[in-house]
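Participant: Quick paste from Swiss-Prot:
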- 105, 614, 620: 3',3'-cUAMP binding site (BINDING)
- 105, 614, 620: 3',3'-cGAMP binding site (BINDING)
- 437-474: region 'Disordered' (REGION)
- 508: active site (ACT_SITE)
- 510: active site (ACT_SITE)
- 584: active site (ACT_SITE)
- 586: active site (ACT_SITE)
């Protein structure tokens, strides 16, 4: 006796032979190549189902992890006109998804017998000549390899293509890169066919229903408004040819009058109810209220069937309060990234060996690649990531204690990181010119070898040089940078109507004002140029606003360098009296009659001198001079 655990109802017939779904079953009807081609070429939804995932999988391509000269040689081979690997892989993936399979033929210079296996170890520099993409219908497959000890198990024993003069040529499976569309899991059902199904096979009904719904809704548009005319004795007119001619002439004339005078001419009394007589005219309109939701449902089903989010498939904005679509796109890109690892990388393994040997003449074991991220970061997110990497490296280098890693090794790793992610354009060329951190000559401590002028003596640019602290005793700290192009800045201020301004020598930007005592030596150093200067480029967001309770009027501006430097000192123990840090230059403490809302902010570049470390002067305001 067989017992089935299922829900049944003898009253409604659910789960019994009376169930309306009892006779339903699945059947498989393969789509032919002609219909698949017609769908891809003639239906926008089917075309997107085929093209979107290959386009996203190959859009950012991959990053080789090797020395820069090696990377340049490898990429030169990949981008050669007859190879163009990224484009060829994209095309092969589309063909495989459309027809169920495709191959990329690997053309090697000097090959005589294509039926012989391709040994990547025999490839020399420049031996890779070209790559050709062929669909499953352009090649004939030999018997499927059934030997489980063979590396080509489950693949054709050979591929046959048309050669010169149409003569068939057999190609060993090691000489092609094989792509399969939707894999057939039960190989017994396909016999000797080594290919998969088209991805359109499983989504056919969903795509067709979405297209049909769109077409039917479009067909309703001409019927949105229909004129209905009631005519007494209409049947009598249609009995004879003369009557039908009179009927046609009657309504032709009525329609002409409607077009000329925007009026409907009818024969009748115009009365209502019992008094009604003669012809009657009315309009019927079709309601489209629920049709957009219905069409959207069909399109959403098609998107789900294709495993592509609607925001990507339909190029539409996400719906819902505070919806951004980021989660949908992240899931989509995660899917593409997973496919890169499970579909592309294994398929390209042998070809990659050929590319490396053709580019370098050998196969260094340390070289590998990583798929480039598909999710792009905004400029703000990139800056935040850059800061986190820099802060992490500073922590590993021992900002507050001993280093956790060898500093030179950490520097080399950081240079490679910033080069690969493009955070610092031109870094690689600069390293080649100036050398790495390990290449720099060791310098003795400035505190031990630099003679300091006595207190009160003037240093460069006539500025009093402060005595350096020769110990690491914690003390309050004030760090600033002088504005070098102060005269240009003050010229702008005078043009804007400021009668009194700070002197050029007093113009500066504050980086740190720590009332808490800190170890000055733990503050690190700035990332400016060799001369210690920092230039904030012209333009960008700038405002002239009052600041604080002292009547100061300042120019607010943005500088990632200053912000990161400030945060680095905060993390090293410096205090700050305000909720956040905003770089600014004080213009004046006496605004006078100037209407700040009418002031045009200074747009030129700001050039600041080296950082100045000094103790906090609580009487700093008494030393300010305005002119």
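Any Cβ shown, glycine's included, is placed from N, Cα and C.
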Participant: Highest CB neighbour count within 10 A among the active-site residues 508, 584?
Facilitator: 584
Participant: Is it possible to get the count of other C-beta atoms within 10 angstroms of the C-beta of residue 614 (3',3'-cUAMP binding site)?
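Facilitator: There are 14 of them.
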Participant: For the active-site residues listed here, 510, 586, which shows the highest count of neighbouring CB atoms within 10 A?
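Facilitator: Going through 510, 586 one by one, the largest Cβ count within 10 Å is at 586.
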Participant: Between residue 586 (active site) and residue 105 (3',3'-cUAMP binding site), what C-alpha distance do you get in Å?
Facilitator: 68
Participant: What's the number of neighbouring CB atoms sitting within 10 A of the CB on residue 105 (3',3'-cUAMP binding site)?
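Facilitator: Its Cβ has 19 other Cβ atoms within 10 Å.
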Participant: Spatially, which candidate from the recorded positions 105, 584, 614 is nearest to residue 508 (active site), comparing Cα atoms?
Facilitator: 584
Participant: Whole-number Å distance between the CA of residue 510 (active site) and the CA of residue 105 (3',3'-cUAMP binding site)?
Facilitator: 64
Participant: Where residue 105 (3',3'-cUAMP binding site) and residue 584 (active site) are concerned, what is their Cα separation in Å, rounded?
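Facilitator: Per the Cα atoms, residue 105 (3',3'-cUAMP binding site) and residue 584 (active site) stand 62 Å apart.
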Participant: Distance between residue 614 (3',3'-cUAMP binding site) and residue 584 (active site) at the Cα atoms, whole Å?
Facilitator: 19
